[in-house]
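A.B. asks: Before anything else, here's the structure in question.
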Amino acid sequence: MAAPTYYTITFGCQMNRADSERMAGILESLGYVPAEDELQADLVLFNTCTIRDNAEQKVYSYLGIQAQRKRKNPAIKLIVAGCVAQQEGERLLRRVPELDLVMGPQYVNRLGDLLAQVEAGNQVVATEPVEIPEDITKPRRDSRVTAWINVIYGCNERCTYCIVPLVRGREQSRQPQAIRAEIEDVARAGYREVTLLGQNIDAYGRDLDPKTNLASLLRFVHSVEGIERIRFATSHPRYFTEELIATCAELPKVCEHFHIPFQAGSDAVLKRMRRGYTQERYRQLIQLIRQYMPEATISADAIVGFPGETEAQFQETLQLVQDIGFDFLNTAAYSPRPGTPAAEWPDQVPEEEKSDRLQRLNRLVAEVAAARSARLLGQVQEVLVEGPNPKNPRQAMGRTRGNRIVFFDGDPEQLQGSLVPVRITATRAFSLSGEIVKPGEEKPQAAELGACT
């Protein structure tokens with residue numbers, strides 16, 4: 001008898017990708033094997049995102065197709081996990097009665113138990129707040145080079161636009177020993193890089209007894225043999241301390257790429273967002289990072305068209321982007337999320353105005369990023385090879401320690417997982433091209449090898 005097959009479809013953030021890898025590992029421990037096509041799978045799992053409306057609507061579009069399959073073949077199992085599942089709960093079953101299991105993010109490690117209930121003939125909704133247990137099942141990781149490692153779940157912030165605290169629950173930090181054990185496991189499996197994940201990762205450890213922090217965790221895991229690079233995301237400006245900055249500058253494996261969302265450049269908008277800092281505090285933070293690590297790569301998130309945002313306030317966002325000089329910036333027009341305070345405010349910005357502001361911001365972002373990239377022309381960068389260039393399989397693709405994508409000639413299969421010196425021969429806003437530096441030729445400077453640039 002053939003083994004049952006599964007297929008996962010993941011929407012949203014890195015946390016969701018890490019959760020999907022863990023759920024895939026659980027399914028394989030139960031005897032499932034991956035399907036090549038979601039239309040052929042015996043079990044289809046949607047790991048959903050509700051941070052913006054368009055992501056949520058994509059979920060329902062996919063669900064409609066799978067519901068038709070299930071009506072023809074009731075043996076198919078349909079699961080919706082993640083933030084849409086947590087937000088909608090029973091309402092999701094009423095909208096798509098073909099579903100077998102609706103489960104929030106806090107239940108990822110309990111998937112096996114929930115599936116047992118489904119196998120017993122039950123339609124299950126699991127969205128009640130629970131503590132997230134440690135799970136010894138190995139995730140089925142998508143990459144063979146870099147591994148996602150969850151270190152803190154949930155969020156205690158109350159930003160007026162954000163649904164995350166409502167759907168992912170309060171902060172729950174993992175024990176340092178459990179995190180190190182997982183990193184040691186991926187190192188033994190041949191991984192060279194880990195990315196530590198959390199909604200607000202720099203809040204790590206304040207809920208533990210005894211309390212600890214992200215700087216201490218980085219020191220604790222830094223000595224794991226085999227791991228060459230350590231990254232972390234996503235950071236909140238309020239918790240990004242000088243101790244953390246100094247620790248990152250000191251530890252050679254910790255990459256000098258920092259993702260720190262600012263969301264808006266106007267203090268008035270930041271106050272309405274309930275972000276807990278000013279644009280001047282954000283500027284000072286980035287300045288301090290660059291004092292310790294002048295070549296640090298800085299990325300962020302920004303929202304345009306927040307309720308009540310004026311043109312003058314939007315101009316402050318443009319000015320901040322220009323002044324900081326971001327290397328990457330994730331931008332979005334404000335999307336009202338049900339259950340958040342900002343969604344109920346009367347001073348919503350018209351859609352056409354939001355679209356116009358987003359286009360103007362994106363143009364500036366591309367200009368600034370292109371100028372930042374151009375500084376690397378002719379430099380030799382250490383690149384961790386991830387695999388083939390998706391658009392040219394004969395080329396290899398990898399990332400610098402500053403998280404810039406680099407394309408270069410080479411055998412992707414042979415080089416995958418290797419750290420290679422690459423001279424940058426062409427720069428673009430969000431990617432680079434280069435050539436491998438052969439033995440005996442110019443090598444990266446010590447600063448480029450010893451720290452993430």
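If you go along the chain as it appears here, the first residue is 1 and each next one adds 1.
The backbone N, Cα and C atoms fix where each Cβ goes, glycine too.
Quick paste of what Swiss-Prot says about this protein:
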| type | residues | note |
| --- | --- | --- |
| DOMAIN | 4-120 | domain 'MTTase N-terminal' |
| BINDING | Cys13, Cys49, Cys83 | [4Fe-4S] cluster 1 binding site |
| DOMAIN | 141-372 | domain 'Radical SAM core' |
| BINDING | Cys155, Cys159, Cys162 | [4Fe-4S] cluster 2 binding site |
| DOMAIN | 374-438 | domain 'TRAM' |
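How buried are these features, and what lies next to them?
C.D. replies: Taken together, the residues of the domain 'MTTase N-terminal' (4-120) have an average pLDDT of 91.
Here the Cβ of Cys13 ([4Fe-4S] cluster 1 binding site) has 19 other Cβ atoms within 10 Å, regardless of which shown protein chain they belong to.
For Cys159 ([4Fe-4S] cluster 2 binding site), the same-chain residues 6+ apart in sequence whose C-beta sits under 8 angstroms from its C-beta are Met273, Arg274, Arg275.
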A.B. asks: How many helix, strand and coil residues does the domain 'MTTase N-terminal' (4-120) contain under DSSP?
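C.D. replies: Result for the domain 'MTTase N-terminal' (4-120), in helix, strand, coil order: 63 helix, 23 strand, 31 coil.
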A.B. asks: Could you state the CA-to-CA distance between Cys162 ([4Fe-4S] cluster 2 binding site) and Cys83 ([4Fe-4S] cluster 1 binding site) to the nearest Å?
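C.D. replies: A Cα-Cα distance of 12 Å.
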A.B. asks: Could you measure between Cys83 ([4Fe-4S] cluster 1 binding site) and Cys155 ([4Fe-4S] cluster 2 binding site) for me? Cα positions, answer in whole angstrom.
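C.D. replies: Cys155 ([4Fe-4S] cluster 2 binding site) has its Cα 13 Å from the Cα of Cys83 ([4Fe-4S] cluster 1 binding site).
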A.B. asks: Just how many other Cβ atoms lie inside 10 Å of the Cβ on Cys49 ([4Fe-4S] cluster 1 binding site)?
C.D. replies: 22
A.B. asks: Which are the residues of the chain, Cys155, Cys159, Cys162 excluded, whose CB is within 8 A of where the CB atoms of the [4Fe-4S] cluster 2 site average out, their centroid?
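C.D. replies: Sorted by sequence, the hits are Glu157, Arg158, Tyr161, Ile163, Val164, Pro165, Gln199.
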A.B. asks: Tell me the Cα distance separating Cys155 ([4Fe-4S] cluster 2 binding site) from Cys13 ([4Fe-4S] cluster 1 binding site), rounded to the nearest angstrom.
C.D. replies: 14
A.B. asks: Among Cys83, Cys162, all listed as binding-site residues, which has the most CB atoms within 10 Å of its CB?
C.D. replies: Cys83
A.B. asks: Have a look around Cys155 ([4Fe-4S] cluster 2 binding site) and count the other CB atoms within 10 A of its CB, chains all included.
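C.D. replies: The Cβ of Cys155 ([4Fe-4S] cluster 2 binding site) has 21 Cβ neighbours within 10 Å.
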